[in-house]
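Let me begin by presenting the structure, written as structure tokens, before commenting on it.
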Amino acid sequence: MSIVAIVGRPNVGKSTFFNRLIQRREAITDAVSGVTRDRHYGKTDWNGREFSVIDTGGYVIGSDDVFEAEIDKQVELAIDEADAVIFMVDAEDGITSMDEDVAKILRKVTKPIFLVVNKVDNVQRIQDAYEFYNLGLGDYFNISSINGSGTGELLDAIVEKLPEKEEIEEEELPRFAVVGRPNAGKSSFINALIGEDRYIVTDIAGTTRDSIDTKYNRFGFEFNLVDTAGIRRKKKVKEDLEFYSVMRSVRAIEHCDVCLLVLDATRGFDGQVQNIFWLAERNRKGIVILVNKWDLVEKETNTMRDFEAQIRREMEPFTDVPIVFMSVLNKQRIYKAIETAVEVYKNRSKKIKTSKLNEVMLPIIENRPPPSTKGKYVKIKFVTQLPTPQPQFAFFCNLPQYVREPYKRYLENQLREHFDFTGVPVSVYMRKK
Ligand code: GDP
Ligand code: GDP
């Protein structure tokens, strides 16, 4: 999927525009998972084309000075990782020196750049906006993120410039992405996996510039490793930037079936690891947590159990995820990691017959029907799995709008209990029948 990055100095209206773009989409995903994280990263679609939007500015906290120091890196990052860049400026303020700095970088870029003048809320501002020709980026789009004017034309233009839909891979090999924070041990893990060259079967050029799929045949499993560009790319951007590893992960996650989320046991399941975790969950990808460097942890009787319990608390409500403790250094449980990823892959592509589903689920529902609301009783008549790449279930009933989140979660948990969807986000929809 294509990525569009929004860059610009603080207060020009990036978040306002971003929120407008992803709103509709958020409404859908929130209804399912009840989770809103990574609000600077979202999906949207326009005229049937889906793409991801990243508000890079959202990651910079601090004064203008701080921003000024970061802006080069930020823009460079957007250029590296995105398929198109929206450069947002502010009609109210006119051109500032920071705008000029950004324009200077963008003028050298061959990717589609969209200069967007925001806060054009009235006719006077249309006049004011002319000065932005001076940025040397050619034509621009006048929009008002607050009232939405001009955003349609902008989106038309963006969608037109995005790369064509990626072809669907013909072979159905699992696609694994190794993601995580810098220094977690991702490269070591990949090196340990590929070990000797003979395990590499072929290099398939990725469908996008940044992602290279490499086919492996290891431990009796065949899989594609979705490599993040960042793993091999020289470190242009300082590694400790919060958004950098998130953006790198975005690409890898979108191209995979299962994320192998590597974390450093000495650092734990911290905020940034959680960001990546929720990113994968939001994208409905399979997930395996690999707690690496287990050799460095001093162990007492319950160390592993406690460690695991702590991670699961942070993962709520999506806790049905395998956690493998490994040491890449000692080549410990690397096989287990891959084996688990293969299982998650199978769970994700599992298709359950409608007859079987109803046979199992209807008695469960009968036993504990949805609680009545305002004297209305919901009658669920029929369940079916939707023909999507990841598990989604539609429950047909008379009054879908009366089924609340806790009951949907109950249904999800029952599905998990009876059919095993470990490591896989499961979507439950109520439909009118
Ligand atoms: P960011 O720092 O670039 O993400 O900017 P925000 O989205 O937080 O917006 C900064 C301020 O500009 C907020 O007070 C917004 O309400 C305001 N703003 C955003 N878009 C518009 C717009 O189209 N017109 C006007 N008048 N104000 C806007
Ligand atoms: P990446 O940035 O996630 O690709 O991390 P690297 O693979 O470069 O590893 C970062 C550091 O952690 C390197 O010094 C590795 O040797 C070390 N490392 C990786 N795996 C392990 C492990 O299982 N145990 C220990 N003790 N060190 C490890």
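Heads up, residue numbers simply count up from 1 along the chain you see.
The backbone N, Cα and C atoms fix where each Cβ goes, and this holds for glycine too.
TrEMBL lists 8-15, 55-59, 118-121 with the feature GTP 1 binding site. Summarising the annotation, TrEMBL assigns GTP 2 binding site to 180-187, 227-231, 292-295.
TrEMBL feature annotations superimposed on the structure.
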residue: Asn11; record: GTP 1 binding site; contacts (Cβ under 8 Å, 6+ apart): Asp90
residue: Val120; record: GTP 1 binding site; contacts (Cβ under 8 Å, 6+ apart): Ala91, Ile126, Asp128, Ala129, Asn142, Ile143, Ser144, Ser149, Gly150
residue: Trp294; record: GTP 2 binding site; contacts (Cβ under 8 Å, 6+ apart): Ala265, Phe325, Met326, Ser327, Gln332
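Secondary structure from DSSP puts Val120 (GTP 1 binding site) in coil. For the recorded site, Lys186 (GTP 2 binding site), the DSSP three-state label reads helix. Among the binding-site residues Val120, Asn183, Lys186, Trp294, not one has its Cβ under 6 Å from an atom of ligand 1. The shortest Cα-Cα distance between Lys14 (GTP 1 binding site) and any of the binding-site residues Gly180, Asn183, Lys186 is the one to Gly180.
According to DSSP, Gly8 (GTP 1 binding site) sits in a coil region rather than a helix or strand. Taken in sequence order, the binding-site residues Gly8, Asn11, Asn183, Lys186, Trp294 that lie near ligand 2, meaning a CB under 6 Å from one of its atoms, are Asn183, Lys186.
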